[in-house]
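According to Swiss-Prot, the protein carries these features:
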- 1-159: domain 'Obg' (DOMAIN)
- 160-333: domain 'OBG-type G' (DOMAIN)
- 166-173, 191-195, 213-216, 283-286, 314-316: GTP binding site (BINDING)
- Ser173, Thr193: Mg(2+) binding site (BINDING)
- 376-402: region 'Disordered' (REGION)
- 385-395: compositional bias 'Acidic residues' (COMPBIAS)
Amino acid sequence: MKFVDEAPIFVHAGKGGNGCMSFRREKFIEKGGPDGGDGGDGGSVYLEADENLNTLVDYRYQRSFRAQSGEGGRGRNCTGAKGEDLILPVPVGTSVIDMETEEVIGDLTKAGDRLLVAQGGFHGLGNARFKSSVNRAPRQTKPGSEGEDRQIKLELKVLADVGMLGLPNAGKSTFIRSVSSAEPKVADYPFTTLVPSLGVVKVQTHRSFVVADIPGLIEGASDGAGLGIRFLKHLTRCRILIHLVDVNPIDESSPVESARAIVDEINKFSPTLAQRERWLVLNKCDTLSEDEVAEVERQIREALNWVGPIYKIAAISNTGTAQLCEKLLGHLEVLWQKERDNEELAEQEHEVQLQMQQEARERIALLQQRHRAAKAAAKGRALDNDDDDEDDDHEMEIHYVP
């Protein structure tokens with residue numbers, strides 16, 4: 001199934017039913033009085049997180065959704081039926097944004113979470129509501145109010161604890177295949193990974209974490225080059241980022257420059273994401289001698305001013321991967337426990353995630369704006385060239401041969 005992580009849609013809540021104007025008419029009962037009932041409330045529109053979904057592709061083909069309107073009231077004080085609510089299923093991890101105000105309406109991060117996105121209209125009032133001691137036969141009713149209309153954007157961000165960063169062919173997908181049951185495509189050419197993939201890493205029974213792989217970044221990604229920039233937003237929910245560096249690239253490029261390029265692109269994309277806890281992992285260490293690996297490690301430390309630990313693995317042969325996953329899970333469990341014990345810390349983490357997501361949206365919107373401007377300029381140049389050709393046709397000389 002095609003992976004779609006963004007979808008703009010229109011939602012329309014149902015209109016409230018109108019109130020009824022009616023008077024009681026029965027044999028032997030004179031001046032029976034008003035008995036017009038109220039209308040029914042309009043249906044509302046909700047989004048509900050469904051753990052069985054993993055893409056927003058269905059919302060690419062249908063963009064408008066409308067809840068049922070309430071029925072009008074009837075005589076004998078009968079109230080109209082309420083309009084049925086419309087519940088739209090979305091994947092877990094979906095953020096909802098009001099496209100008019102650019103305000104984040106809410107996040108659906110757990111299966112079963114439900115979010116109101118369009119409130120149904122209020123029911124109208126029948127003429128029985130307006131009866132009083134001075135107005136025994138009111139001919140006044142109140143119509144139901146209109147339901148709320150909204151244009152919203154759905155943004156899916158995968159829910160993972162650990163996110164993978166690296167250039168194409170650094171071995172990110174191989175790492176996920178080696179530590180989990182996930183089977184992302186692996187090949188010896190760049191951009192094998194085209195969409196994010198998730199893997200559940202089970203260290204022990206009932207002890208696990210989720211790792212996410214996104215398409216590789218290249219130099220200039222923050223300016224729109226390559227595939228990875230639009231998927232970086234999926235890392236905003238990750239607690240730890242793994243920066244995977246190929247110590248022996250097949251194209252003979254410098255591992256030091258590769259590591260520096262990723263750091264630069266992250267800084268340009270989102271300063272807050274760049275401050276996220278990041279673990280540096282050297283991959284394919286089995287292709288070099290210990291002294292050569294040590295030299296690469298020394299150069300990377302100097303180039304990045306790296307003071308933390310550097311882990312050395314060979315994902316294809318599972319060398320060092322089990323120890324790395326054990327340390328990752330142990331650290332994650334400490335972070336999770338701190339947030340459970342300290343609500344203020346959990347709230348700070350939530351604010352940091354919101355800030356990263358906002359920066360990601362702004363950067364992607366800027367790149368889209370640049371792309372549209374460049375496309376329009378190219379189209380304009382093409383039209384100018386066509387006009388020049390037409391002018392040349394009008395100015396060409398015609399010679400008649402006698």
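Cβ coordinates are placed from backbone N, Cα and C, and glycine is handled just like the others.
Values in this document were obtained by computation on a predicted structure and should not be read as measured data.
In the predicted model, the domain 'OBG-type G' (160-333) shows an average pLDDT of 82. For the recorded site, Lys172 (GTP binding site), the DSSP three-state label reads helix. For Pro215 (GTP binding site), the Cβ neighbour count at a 10 Å cut-off comes to 24, with all displayed protein chains included.
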